[in-house]
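Enquirer: According to Swiss-Prot, the protein carries these features:
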BINDING   Cys16, Cys192, His218, Glu222  Zn(2+) binding site
BINDING   Lys253  ATP binding site
MOTIF     18-28  motif ''HIGH' region'
MOTIF     250-254  motif ''KMSKS' region'
Amino acid sequence: MTMNLINKKNLNIYLCGPTVYSDVHIGNLRTIIIFDAIFECLKNKGFSINFLHNITDIDDKIIEKAQELGISEAELTEKYTNEYFKILEIFNIKKPTKIVKVTEKIEKIIEYIKLLEKKGFTYYNKNNDLVFDILKIPNYGIISGQKIESLLDKNTKKTKSKNDFVLWKKTQKGLFFKSLFGLGRPGWHTECAALIYDYFQKKSLDLHGGGVDLIFPHHENENAQHFALTGNPIAENWFRSGFVNLNGKKMAKSLNNVLLAKNFSHKYNPDIIRSIFLSINPTVPINLTEELIKNHKKLIEKYQKICFEWYFDKKNEKTEKVEQVLNLFIEGKFAKANFLIMELIKQKENSTIRKIFLNLRFNFTKMRLDPESQEKIKNWNKLIMDKNYSEADKIREELWKIFKNS
């Protein structure tokens, strides 16, 4: 990830959130866990983060699931929105600056669509949906690196081009809203673009995040709408995380091959998945296996021990080394950053390593020795000086148990 941060201290950032009709799986957390760590690294460098995250609480999948369960869409989405917030807390992910539900901003989204219509970027298809005409955007394809000619196969049944997308879907199925375009609801691509346009006051984002699977058509269509209204790209920088596979297969609910985030947390320390996600360069696919989880479980135990040993040897941290490692994480060079961490471990630079872990927001950094326990370290030091190693080991073992249970 390369970000142009010259002359910037306040960063406007957006990440597409979950469609809340079911529990999130562990792969859904890759981008937001990485963001959580990188944002802390940026704050360490003096940056201010203005982070918008949306909750898609109206969608065909939501309507179908609510009807299947015999409950309202609002009941369903409230349940899974709250479940998502619990997951953020369990995995030690800071809540974004602002979280907004799509249904809270329907009027703003309608106003946004009106602007696109007024500027002549829309038409009605044969279903009477209001559609965005990509032929009106000369640089359509710039985000996904595609030539517009390859995207313009005709689809005369409904739209001028197969890639024209719905801004307002005319429907009375499930939850719908009143607008000048008829009864219906907004299209997904428009929801995100409108929220960004409104919250960030028409400005381009400094960073837009998401998974690699969203490059086309979602990110492309968001950008097309923003460009149509402002003449500028929707984001100056993009961050996209790679796929998380499970035992060699794509992790997807449709394939019945998922590991729910809540189930992961019941079985494993949540720091393990943070360690996995921060050890592999962001765009590289991850194959989640029992062996990989086991390896990072051992690594987390090693990291915990380092934070414990810091109490016994609080030498000054090497600020330049901390900055070097954090900069590598900001640049998305996770493998190189982890190599340097391993070098620091060999050198027993515990203060420096602990500072890095604090910035990466590992939950184990909250483990503490209380003042009374720290006083016992003085006794330990005296016993070491007196070469009474067996008694010193007993104190150390006692303190380790206190630390682990803190």
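In case you wondered, yes, glycine gets a Cβ from its N, Cα and C as well.
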Enquirer: Measuring Cα to Cα, how many Å separate Cys16 (Zn(2+) binding site) from Lys253 (ATP binding site)?
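Expert: Taking the Cα atoms only, Cys16 (Zn(2+) binding site) lies 18 Å from Lys253 (ATP binding site).
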Enquirer: Please classify the secondary structure at Cys16 (Zn(2+) binding site) using three-state DSSP.
Expert: coil
Enquirer: When you scan the chain for residues with a C-beta under 8 Å from the motif ''KMSKS' region' (250-254), skipping those not six or more beyond its ends, what do you find?
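Expert: Same-chain contacts beyond the flanks: 22, 25-27, 243-244, 288.
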Enquirer: Work out how many Å separate Lys253 (ATP binding site) and Cys192 (Zn(2+) binding site) at their Cα atoms, rounded off.
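Expert: Computed Cα spacing between Lys253 (ATP binding site) and Cys192 (Zn(2+) binding site) is 23 Å.
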Enquirer: Under the DSSP assignment, what numbers of helix, strand and coil residues are found in the motif ''KMSKS' region' (250-254)?
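Expert: Counting residues by DSSP class gives 2 helix, 2 strand, 1 coil.
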Enquirer: Calculate the per-residue pLDDT averaged over the motif ''HIGH' region' (18-28) and state the result as an integer.
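Expert: Taking every residue in the motif ''HIGH' region' (18-28) and averaging pLDDT yields 97.
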Enquirer: Counting other Cβ atoms within 10 Å of each Cβ, which of the binding-site residues Cys16, Cys192 scores lowest?
Expert: Cys16
Enquirer: If you count CB neighbours within 10 Å, which one among the binding-site residues His218, Lys253 has the smallest count?
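Expert: The binding-site residues His218, Lys253 were compared, and Lys253 has the fewest Cβ atoms within 10 Å.
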Enquirer: In sequence order, which same-chain residues at least six apart have a C-beta under 8 angstroms from Glu222 (Zn(2+) binding site)?
Expert: His189, Cys192, Ala193, Ile196, His208, Ile234
